[in-house]
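Sequence annotations record features per position, and here TrEMBL assigns region 'Disordered' to 1-32. The compositional bias 'Basic and acidic residues' feature in TrEMBL is assigned to 16-28. The Mg(2+) binding site annotation in TrEMBL covers E129, E197. Among the features that TrEMBL reports, SUMO2 cross-link is placed at K279.
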Amino acid sequence: MSSKEGSGGFRKRKHDNFPHNQRREGKDVNSSSPVMLAFKSFQQELDARHDKYERLVKLSRDITVESKRTIFLLHRITSAPDMEEILTESEMKLDGVRQKILQVAQELSGEDMHQFHRAITTGLQEYVEAVSFQHFIKTRSLISMDEINKQLIFTTEDYGKENKTPSSDGQDKQFGTWRLKITPVDYLLGVADLTGELMRMCINSVGNGDIDTPFEVSQFLRQVYDGFSFIGNTGPYEVSKKLYTLKQSLAKVENACYALRVRGSEIPKHMLADVFSVKTEMIDQEEGIS
C-alpha cells in the first residue's frame, strides 16, 4: 500500500493536509462584486419560486379535500328525497373550490403554469372529477373541457367575494381578470377517476330500488371507455395506467346490469345490493389471481 493511502485504501486529497481554517479565507470574498451580487439575486429568485411552489401545494391539497367532500355529498343523492337540495349544496361547495382555484390563478399570474403544474395537478384532477360528476347527475352527459375552463375565468367581482373587502388599488384591478386552464391530461385523468364514482353510484342506486340508473351509467361508461381506447398507449403514461381501472369499473357495472336483466325478477329489490357486492368481490379476486 502506498504511503499516500490510508488504512481504508482511499487516497488522501491534497487539501486534507492543510488546517481547516486555511482552506478557505472568507475575508477574500468581496460581497459587493458583480458575481456575488448576481448570485444573491439568483438566491432570492429561487427562494421566491420555492415559496410559491409550497403555497400552490397547500392550495392543491385544499382543493382536493373540498372536491372529495362534494363527491361524498353527491353520492347521497341516490337515497335523498330532495335531489335539488343536494345539487344546490354541491354547487355552493364547488363555488368554494373555485375560490381556491382563483388563488392559484393569482399565484400563477405572469408565470409559466407548466413550471408549477406538478404542484397543482392533483387538485385540478379532483376538481374535474367533482364537477363532471355533478354534471352527469344533472344531464346524464359528460362535461367538456371548454365548459370547465369557462367556469375558471375570474373577475374582480369574484376576487371581492373571497376577500370581502374592497381593493385599495381599485383602478389597477378594476378590469382585472384571472384565469386557469385545465390541461388535457388533467381533464382525462379526472374523467378516468369519474368512472369509479359512477360505478359506486350505480351499485348504491340498485340498493335503493333504482333500476334505470345502472343501464344509463353502463351506456355512458362504454362511450368513455371507447374514447380512452382510441388514445391507447400513445397518450401520457398516467392515462394508459388508469385505463385498466376504467375497464374494471365498466365490468362491475355491466355485471350489475346483467344480473338485473336476467335475474332481476327472481331477486327482491332489497337484496340486489348484497348480490352485487358479492359478485364485485368475486371479480376483484379473479383479477387479483390473474
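These residue numbers are counts, starting from 1, taken along the chain as shown.
Cβ from N, Cα, C; glycine included.
TrEMBL does not curate its annotations; it predicts them automatically.
Sequence-distant neighbours of E197 (Mg(2+) binding site) (same chain, 6+ apart, CB under 8 A from its CB) are I71, H75, E129, F133. E129 (Mg(2+) binding site): 24 other CB atoms within 10 A of its CB, across all protein chains.
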